[in-house]
Amino acid sequence: MSDLACDVVIVGAGPTGLSAARRLKAEGREVLVLEARDRVGGRTWTDRIDGQMYEIGGQWISPDQSALLELVDELGKETYQRHRDGDSVYIAPDGTRTVYSGDMFPVGESTQTEMERLITQLDELAARIGPTAPWEAEDAAELDSVSFHHWLRQQSHDDLACANIGMFIAGGMLTKPATAFSALQAILMAASAGSFSNLIDDHFILDRRVVGGMQSVSEQMAEELGEGVVHLSSPVRTIEWSDDRVVVGTDTMTVRAGHAIVAVPPNLYSRITYTPHLPRLQQIFHQHQSMGLVIKVHATYPTPFWREDGLCGTGFGAGQLVQEVYDNTNHGEDQGTLVGFISDVNADAMFALDEHTRKQHILESLADFLGPKALDPSVFYLSDFGAEEWTRGAYATSYDLGGLHRWGRFQNDPVGPIHFASSDIAAHGYQHVDGAIRIGRDTAEKILSA
Ligand code: FAD
């Protein structure tokens, strides 16, 4: 058992933990980062599957994600735009496939008007309530006690308009059924991206990628911290704490420090044993932040065949197995890659099938959007963060109904020398790598100014 000491010990080498470590080290503080996995990057993970490079986790950067863009720039990395030339495909609930251009789904005139009205309403709410303290809004309790599904249907009798709008936040972002989270939680998601309109604009929200992969941002931060700072395969099991000291324990070492930053997703806080145990408030509300579930589908073909048909590769269908599909061809590659997303209950249904049947169902869903050539990929892979012990879902955690206005105001409070930080409790960039970089940096600032 080795016994180490430093100023700040950080639990988790995802983008949050590493950006905190980077900031603290720049100010001359001694840091150690303890990571459970045998790699850094957490929910960002760039890997090769059968020779093909895939972003298993987080990858896209939108233009407002300035903290991440600045970091990428400081690290000397390059970004590139997603391929977006050509028409998109929309599949209606009755299975009708329509090729369209522009932002608005090709739905009937009255549904279009209703969708536009809901978008305006959500934009106004996001602008008024903002991402920093949504629980302070005068109608926070009201908006937090109704599910997003039911709130939409209180605003509009057009079920298709509600389903299409609901998809962008339910399947598209929080990856839970729209009945499982509140309207306030949905508004936070929109506000954290600048507006609801930003969130539904795939040219905005899925704008750029990092050449070489998003995980390389974390790998480079870890490398720059220097030898012996990041300890891999070191799950933190215990934190003993007093007013001004922590002793953090793994299976093979103890680290004594003045502060700890627990930079893991909130659903994993309670996997650590705290002595003394955390206050009642934290013990209660840490139980109310849970992970969503989404399967990220990767399929690579000899060429991006959809481009020959005048399609950009984008497809939407709120009632489809794969609700969204995009061209995800890597920088500089001739082969074409598609990425699709299968969320919440549809993901449950897929995991209940055997591997062969699951693949068939998923490829058929891709083919419904982009034609029969989609049935025959050269490489096929499913990201399954639900099966990862040190994440347990995807993309991120959110509160259950009523939790955000009840406990959100406490989520960033330290307990003695223990600070909690994660993209899932960030304001701007909430649930995204940008939020992770911001909250990592801000938590470091709090410690520096203490
Ligand atoms: P994490 O990345 O989860 O890092 C936490 C780290 O803590 C992990 O390395 C974990 O192993 C470690 N850990 C956990 N428990 C312990 C313990 N007890 N001891 C030691 N270490 C521990 N974001 C975007 O911006 N754009 C996207 O396109 C995007 N797509 C996504 C797609 C998928 C499939 C997923 C899963 C996420 C996606 N995200 C995306 C979200 C983004 O990846 C996360 O917001 C970001 O990685 C969060 O960073 P973090 O450091 O807060 O947490």
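Easy rule for this one: first residue shown is 1, then count along the chain.
Just so it is clear, glycine is given a Cβ too, placed from its N, Cα and C backbone atoms.
Because TrEMBL annotations are produced automatically, they should be read as predictions rather than curated entries.
Under a cutoff of 8 A between CB atoms, and with a sequence separation of 6+ in the same chain, the neighbours of ALA36 (FAD binding site) are GLY12, SER233, SER234, PRO235, VAL236, GLU389, TRP390. Following the DSSP three-state reduction, the secondary structure of ALA36 (FAD binding site) is coil. Look at TrEMBL and you will find THR16, GLU35, ALA36, VAL236 tagged as FAD binding site.
Positions annotated as substrate binding site by TrEMBL: PHE341. Within 10 Å of the C-beta of PHE341 (substrate binding site) we count 21 further C-beta atoms, all protein chains included.
According to TrEMBL, the domain 'Amine oxidase' annotation covers 16-448. Per-residue pLDDT, averaged along the domain 'Amine oxidase' (16-448), amounts to 97 for this model.
Compute the center of the Cβ atoms of THR16, GLU35, ALA36, VAL236, which mark the site for FAD; besides them, the chain residues with Cβ within 8 Å of that center are ILE10, VAL11, GLY12, ALA13, GLY14, GLY17, VAL33, LEU34, ARG37, GLY42, SER234, PRO235, ALA263, VAL264, TRP390. Checking the binding-site residues THR16, GLU35, ALA36, VAL236, PHE341 against ligand 1 with a 6 Å cutoff on the Cβ atom leaves THR16, GLU35, ALA36, VAL236, in sequence order.
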